[in-house]
Amino acid sequence: MEHIYQYAWIIPFLPLPVPLLIGAGLLFFPTATKNLRRIWAFSSISLLSIVMIFSMKLAIQQINSNSIYQYLWSWTINNDFSLEFGYLMDPLTSIMSMLITTVAILVLIYSDNYMSHDQGYLRFFAYMSFFNTSMLGLVTSSNLIQIYIFWELVGMCSYLLIGFWFTRPIAANACQKAFVTNRVGDFGLLLGILGLYWITGSFEFRDLFEIFNNLIKNNEVNSLFCILCAFLLFAGAVAKSAQFPLHVWLPDAMEGPTPISALIHAATMVAAGIFLVARLLPLFVVIPYIMYVISFIGIITVLLGATLALAQKDIKRSLAYYTMSQLGYMMLALGMGSYRTALFHLITHAYSKALLFLASGSLIHSMGTIVGYSPDKSQNMVLMGGLTKHVPITKTSFLIGTLSLCGIPPLACFWSKDEILNDSWVYSPIFAIIAYFTAGLTAFYMFRIYLLTFEGHLNFFCKNYSGKKSSSFYSISLWGKKELKTINQKISLLNLLTMNNKERASFFSKKPYEINVKLTKLLRSFITITYFENKNISLYPYESDNTMLFPLIILIMFTLFVGFIGIPFNQEGMDLDILTKWLTPSINLLHSNSENFVDWYEFVINAIFSISIAFFGIFIAFFFYKPIYSSLKNFDLINSFDKRGQKRILGDNIITIIYNWSANRGYIDAFYSTFLIKGIRSLSELVSFFDRRIIDGIPNGFGVTSFFVGEGIKYVGGGRISSYLFWYLLYVSIFLFIFTFT
């Protein structure tokens, strides 16, 4: 079967003809290309399906034979330098290829209907196809140079798609923010690659790992320099996977179309950082300090993402912060050395998160029939509510995805998340406590999203939620309050830390008041939606078309069953752990003397604890967000909380602190804006002044002085010989006078 591997080089290039042909068609035959636009969507899906089938065949071959195949072409060779390009087919490559293709195919099918009203339909599919090509090229790369090339292409495509509606200033700003933030990590990655080449003299993974490990083992290289290079490599993953402190671009990236949000969060851009750390893990494991840094950054991101999600009203931003938190779990697992567990959670999270984002896109699409094109309203959860009877299939999809991400068995994320939580006890009890606490917090805010969206009544016709906003740069808490606009204010460090809201937070909604229902027209005439304004406007949302529902149903099946590939049981006559066989040999620092299998009793005891925490978070969410007419509302219990006196005041203060922290994004964006952005701008203005006034001023001063001296001499001479003779005799007389008397 080795001949199968010989043709694996076509994997990244099969989707490439679509963007090339779309570009050529729009250049030479624009009318025909636009009229036949759905053919290009069909071509994108068909070519990607071929890649998926080929990847599956390679994966089956690797499961059966545990083979690794690498093919290289020499690009340049001389005495001191050699550079080769090729492809590497190993378990990590096959897993990522299958993950990318399956999710991307479903997203493309979904996008055909979701983007049908957009004049940028062809541009969207061209970007998406090139995005898939770049990501497939990244995961099949055999050396760091190829990794970096495709790494930059993945970033470029993501910027294009985040700023897809570039005529909206908010989307353009989000694109710039993603670009600038990722520049920091990408520059670190480039420096790390160059540093490793200086140490090892190779870019190829196999040679690099072997040489680097030998140098470290024999103490033949400066350890501080090795730590620095490894940290710079990790910095690239921190930015790409939205880890603290370079996470600030991810929530704003939701300004792009919802299908690309699903693809970015499930299987492409943010997964690229996890893939890079997994690929370079043999290099990181020989440097314990870097492993500590990876796990520490991971656990901070886990907690930070969960707390920042609490006060969001925008459904896509809430899911974005959840993605950030789950990526932190994966990074924590890699830092602990649980290679298999991290990849397992990457797989299960990808399908569950794609399901949630596509379901949220269906909701946004349906809400658009009421509010028109207005992201401030169509994505606002507190304007939703009571959608169960209007969008039952979407509701079921969202509920299954929510239960999976909360860690409820037997759904996919339960199996992988539970393994990470168990491994965290072995690694660090403090990290384990934070991880378990965040698991409960995750269940709370995920069910908050579900209850605000689907339970109760449609709140768009009520006034008790502040739904009208001037821009999308706001975050509204679960209590329906505006976030302070701190970014454009002049604030000091003291004000930054003591930032507060003037209104008082409350868990409970106020009495609803009816408002005058008026469906506004499109607020932004420059948006490329042609006839959405005048058609399909109704008083209530309705279920999406079958083209959008089909991917949801397929993702439900993945969410239900994909977790079973990694069940860690190995009893008599039963060998269910396909993932471990697939990843053989793999790295596991926490269980180096075991076979990664546990018995039923140990598994059940650990699972009961994590499930109990998840159900506790769900119960708290139901307690606060279940509709007021629900039988689950215990008003005696609620009133008992309202009569606590001093304890009530303390509780309200704690709630306000949590709200302010979450609504202001942990003050991190404000800190960057105040001290970094303004500081850099002030420094650049100072440098510009020094350059223009000092550096350029010196030669300009000499030039101006010479000009005026020459002009003065010209007017003094006047062009007459008698004047020249007079001045000549005058200067000679003065010279003789001075010489005589000195």
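Quick reminder: no glycine exception, Cβ is built from N, Cα and C everywhere.
Note that the structure is a prediction, hence the values are computed from the model and not measured.
Per Swiss-Prot, the features are as follows:
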type     : residues : note
TRANSMEM : 9-29     : transmembrane segment
TRANSMEM : 91-111   : transmembrane segment
TRANSMEM : 125-145  : transmembrane segment
TRANSMEM : 147-167  : transmembrane segment
TRANSMEM : 185-205  : transmembrane segment
TRANSMEM : 224-244  : transmembrane segment
TRANSMEM : 258-278  : transmembrane segment
TRANSMEM : 280-300  : transmembrane segment
TRANSMEM : 327-347  : transmembrane segment
TRANSMEM : 425-445  : transmembrane segment
TRANSMEM : 549-569  : transmembrane segment
TRANSMEM : 603-623  : transmembrane segment
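At the 8 Å Cβ threshold, with sequence separation of at least 6, the transmembrane segment (327-347) lacks contact with the transmembrane segment (125-145), having fewer than 3 such pairs. Only residues 6 or more beyond the boundaries of the transmembrane segment (258-278), in the same chain, are considered here, and those with a CB under 8 A from a CB of the stretch are 92, 96, 99-100, 103-104, 107-108, 110-111, 114-115, 124, 127-128, 131-132, 135, 138-139, 147, 151, 154-155, 158, 161-162, 164, 189, 233-234, 236-243, 250, 284, 294, 316, 319-320, 323, 327, 330-331, 334, 339, 342-343, 346, 349-351, 353-354, 357-358, 360-361, 364. Spatially, the transmembrane segment (549-569) is not adjacent to the transmembrane segment (147-167); fewer than three Cβ-Cβ distances between them are under 8 Å for residues at least 6 apart in sequence. In this chain, the transmembrane segment (125-145) touches the transmembrane segment (185-205); three or more CB pairs sit within less than 8 A of each other, excluding pairs fewer than 6 residues apart. For the transmembrane segment (147-167), same-chain residues at least 6 beyond its ends with a Cβ under 8 Å from one of its own Cβ atoms are 12, 120, 123-124, 127-128, 130-131, 133-135, 137-138, 141, 174-176, 178-179, 182, 186, 189-190, 193, 236, 240, 252-253, 255-257, 260, 264, 268-269, 272, 276, 279, 524, 526-528. Among the listed stretches 9-29, 425-445, 603-623, the one sharing the most Cβ pairs under 8 Å with the transmembrane segment (125-145) is 9-29.
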